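**Student:** Take a look at the following structure, please.
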Amino acid sequence: MGHFSEELQQVQTRINRFLEAQFEGIESHNAPLLEAMKYALLLGGKRVRPFLVYATGQMLGAEKQTLDYAAAAIEAIHAYSLIHDDLPAMDDDNLRRGHPTCHIQFDEATAILAGDALQSFAFEILTKTPNISTEQKLALIQILAQGAGVQGMCLGQSLDLISEHKQISLSELELIHRNKTGALLIAALKLGFICSPHFTDKRLEQSLTQYAEAIGLAFQVQDDILDIEGDSAEIGKQVGADLDLDKSTYPKLLGLSGAKQKAQDLYQSALSELEKIPFDTTVRALAEFIITRKS
């Protein structure tokens, strides 16, 4: 995992610099909006979604300069979603990545606007993507919009909110997280895929999608485990928040040991999909990172 950690750190450094550069020349007009956007987008984070964009795209021959734009766009969407998730009307969290959440650092109205603006910012960045065809550029916009909206992340959050204080089945829980967490991870792989010369290969797209579905669920299972076993200082947010909100989680439905086995099963499913892909791939190491991470 040492080699993978180095690659992840390189991605973090590259995407952070690129994201910072996207704000150059934008006037704040003394409003707090721009600072709130920067606060949410640039204040740390694992950058798993950008890593997936780069790893998939480079594996398939995409240019790194092209991938910068797709990676930045999906991270902007992710940052907006975290701002809104943390709001009092949603998950009501005060801590994110070891720092006060956006609505605590600024105020609730500014946080909402910062989330709105980051969503628009993501698509503005995508329209500037160089070295690809108009067809590919439109496909990037479509994939990110679908992954983030009513067929993906927003649907998952809505389902999650209405399931609070209710007993739900494992299949219902998986539906929530296939959308809330998994949809953007699938989008990340597809963005990298679309930026590559192989973007018309439907069989390859299918294997990548199934891999992403498995690691997307595994990511959430591990999140639920860390909400029980994690350390607040290490994971950068409050431990036990799911329990406080009476949310259905994998440990709640399967027990802690059952949840850990579920993560292992999903890891094996992800690896079996990668065996169908005839490329050397860093995304294999990502699957291991997801189920062993401590934050």
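We number each residue from 1, going along the chain as drawn.
Just so you know, glycine gets a Cβ as well, placed from its N, Cα and C.
Below are the features I grabbed from Swiss-Prot:
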type	residues	note
BINDING	LYS46, ARG49, HIS78, ARG97	isopentenyl diphosphate binding site
BINDING	ASP85, ASP91	Mg(2+) 1 binding site
BINDING	ASP85, ASP91	Mg(2+) 2 binding site
BINDING	ARG96, LYS180, THR181, GLN220, LYS237	(2E)-geranyl diphosphate binding site
**Student:** Within 10 Å of the Cβ of ASP85 (Mg(2+) 1 binding site), how many other Cβ atoms can you find? Include all protein chains, please.
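**Tutor:** Total other Cβ atoms inside 10 Å, all chains included: 19.
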**Student:** Minimum Cβ neighbour count within 10 Å among the binding-site residues LYS46, HIS78, ARG96: which residue?
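**Tutor:** Among the binding-site residues LYS46, HIS78, ARG96, the lowest count of other Cβ atoms within 10 Å belongs to LYS46.
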**Student:** In whole Å, could you give the widest CA to CA gap in the isopentenyl diphosphate site formed by LYS46, ARG49, HIS78, ARG97?
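**Tutor:** Among the residues the record ties to isopentenyl diphosphate, max Cα distance equals 16 Å.
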**Student:** Starting from the Cβ of ASP91 (Mg(2+) 1 binding site), draw a 10 Å sphere and report how many other Cβ atoms land inside it.
**Tutor:** 20
**Student:** Taking the Cβ of ARG97 (isopentenyl diphosphate binding site) as the centre, count every other Cβ atom within 10 Å, in any protein chain shown.
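**Tutor:** I get 16 for this one.
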**Student:** Check ARG96 ((2E)-geranyl diphosphate binding site) against DSSP and tell me helix, strand or coil, would you?
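**Tutor:** Assignment for ARG96 ((2E)-geranyl diphosphate binding site) reads strand.
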**Student:** How big is the Cα-to-Cα gap, in Å, between GLN220 ((2E)-geranyl diphosphate binding site) and ARG49 (isopentenyl diphosphate binding site)?
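**Tutor:** So the alpha carbons of GLN220 ((2E)-geranyl diphosphate binding site) and ARG49 (isopentenyl diphosphate binding site) sit roughly 14 Å from each other.
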**Student:** Have a look at the binding-site residues ASP85, ASP91, ARG96, LYS180 and say which one has the shortest Cα distance to ARG49 (isopentenyl diphosphate binding site).
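**Tutor:** Sorting the binding-site residues by distance from ARG49 (isopentenyl diphosphate binding site), the top entry is LYS180.
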**Student:** From the Cα of LYS46 (isopentenyl diphosphate binding site) across to the Cα of THR181 ((2E)-geranyl diphosphate binding site), what is the distance in angstrom?
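**Tutor:** Just about 14 Å between their Cα atoms.
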